Amino acid sequence: MTWNLIRWFWRMNLNSFKESSDKAKTTLIISGVAIGFAVLFFSGIVFSVARTLPGELLSDILSLSFLSLFAFLILFAVPQVFTKLYGDDDLTLLFTLPLKSTHIYWAKFTQVFLGIPGLILAASLVLLTMFGLGAGANIFYYPFAYFTAILVVLMGLGIAYLLNLLLIQMIPAHRAKELMTVITAFAGILGYVAFQIPTMMSRGGGGESSMLIPELPQWLPLYWAGESVSHLLLGDVTGETILFSGLLAGLTFAVLYLSSMLVDKGFRTGWIQMNESRSNRKKKKASSAVFKVRTPIIEVGLKEWRTIKRDMREWTMLIPMTFFMFFPIFSIMIRDGNMEFLQTVPALSWISLQAIALGLFSFMTSTFTSGSVAREGSSIDLLRVLPLKGIEVAVGKLWIHWLILFGFIGILQIICAIIFGWSPFHTVAGWLLIGLTGLGSSAIGLYFGAIGAKFNHKNPQNRLETGTSFILLFVAMGYVLIQVIPFGLTLLPASELVFLLGDESSGFFMMIVQWIIGLKSSMPIIVTLVGLALNLFITAITVWGALTFTAKEIDRGITINFVKE
């Protein structure tokens, strides 16, 4: 029966592709070609590295490669597993048929395996092949390396299923709709921890090579994979090779078996919980608060706030911002000497993290605000009959989305100030200038949200057409790059970073930094005021232009592309 379900899923996916629009087919084909070129590019690099790599480093390189494979799998597979387990529309039919939950589960498992994990596995097999060709491996290396890669992928996929099946039982029924937020957070944390394992737990053999390439702890399954494959590569098969391979296979099958044991309670019951959670919510008593009439701009913003705060899935896009802001700090703190050096020169950590925060805040505000138009859903037609001007709606949506992230970046700034010992003046100055710059990127996101809105109630984070989202990404990046010079002229503490003028690095970025430091050292007040004026001018022009065009789109009537279920 499981095999019949797999064939049915395959035919459904094939028919969906045949019936999809030409635009969707073209996008898929272009994506496939791009992935193919990327794999070929990295294959050449892997082949060149393998030809010159010393034999004593093969185990470490292969272990880190399998660790990367595992980390990417966790990052991309965990959310996909959640969608297949609890979000697919065909589950309504499947659970009414006389089928065992385990049959449906393993069919879904195979369907997921042939998706993103299958693409990651195929790319890893090509890279392993090129590594073997470059290193001059014997014929037995290839099937064994392929088998090991399959075990690593199956183990990662099994852990992804375990994570979903366990968390659905821990989340209260009335919060089940928000499980995707928790799943996304866990995927990001696990993926980052996997990448940081070599840094945090390196065995540190003390040799020169161990300083360049960290070594994994011996108890880690990815170490077993790398060690056993390296033995085959060198033609040195021992009892340790068989032991490590057996341990990896045993652990993989154990994870798959444990996940299958949770099917009845975690799969079927979890799906029911996800689809019936609304009926279990307690009705709130009517509020006796007196309603106060406010200006249209304030009311539009408050309406957006009420919509956002009642669905935690809206907040998932803040998770990447937190990861990318704090995990570099964590990486610095766990390395010997780095933290002490940055605390002795607070200006260096301050301006570095301000640059990171500028890019992240600008990107997140544009993305976050772009979804505000599509969030209206079927009520978008009300905008045409309400006695509101387009500019009032646009400004109302803009200020609340910008304010939410402005407060969020302020919290991050305070935490960083405590860790690195920044002064209150520097902390507030960086926060205000980043917030001011982010106002322009937020307005840009609002305009693109008005011209490329897409509504999918199952995926609140996907509120833009694919092509529009790519254009928004490049425009937001361009806006940030334009603001880099005024930002540096205003904030760069030249007097505390004069020692960087002696750095002989020839990089373009360092040349810009040294130029600004030299300029501010001679005329600090004038340069700061000029930078601030440029920043204000660019932000004002961007906000005015984006709001004007957005208001015209709203007055003309916005069309939202509703995703068919």
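Backbone N, Cα and C define each Cβ position, glycine as well.
Bear in mind that TrEMBL entries carry predicted annotations, made automatically and left uncurated.
Within the same chain, residues 17, 61, 119, 123, 126-127, 130-131, 133-134 sit at least 6 positions outside the transmembrane segment (28-49) and bring their C-beta atoms closer than 8 Å to a C-beta of that stretch. Taken from TrEMBL, the feature transmembrane segment applies to 28-49 (among others).
Residues annotated as transmembrane segment in TrEMBL: 61-78 (among others).
The transmembrane segment annotation in TrEMBL covers 112-133 (among others). With a threshold of 8 Å between CB atoms, the same-chain residues lying at least 6 positions outside the transmembrane segment (112-133) that come near it are 35, 39, 42-44, 46-47, 50, 62, 65, 69, 72-73, 76-77, 80-81, 84, 141-142, 145-146, 149-150, 153-154, 156-157, 233.
Within the same chain, residues 66, 69-70, 73-74, 77-78, 81-82, 85-86, 109, 112-113, 117, 120-121, 124-125, 128-129, 132, 179, 182-183, 186, 190, 221-222, 225, 228-229, 232-233, 245, 248-249, 251-252, 255-256, 258-259, 262-263, 265-267, 270 sit at least 6 positions outside the transmembrane segment (139-167) and bring their C-beta atoms closer than 8 Å to a C-beta of that stretch. Positions annotated as transmembrane segment by TrEMBL: 139-167 (among others).
Annotation source TrEMBL lists transmembrane segment at 179-197 (among others).
Taken from TrEMBL, the feature transmembrane segment applies to 242-263 (among others).
Taken from TrEMBL, the feature transmembrane segment applies to 315-335 (among others).
According to TrEMBL, the feature transmembrane segment maps to 347-368 (among others).
Residues or ranges marked as transmembrane segment in TrEMBL: 398-422 (among others).
Under the heading transmembrane segment, TrEMBL lists 428-449 (among others).
Beyond the transmembrane segment (470-491), the same-chain residues lying 6 or more positions past its ends with a Cβ under 8 Å from any Cβ of the stretch are 351, 354-355, 358-359, 362-363, 366-367, 370, 429-430, 433, 437, 440-441, 444-445, 448, 452, 464, 512-513, 516, 519-520, 527-528, 530-532, 534-535, 538-539, 542. Under the heading transmembrane segment, TrEMBL lists 470-491 (among others).
TrEMBL lists 525-547 (among others) with the feature transmembrane segment.
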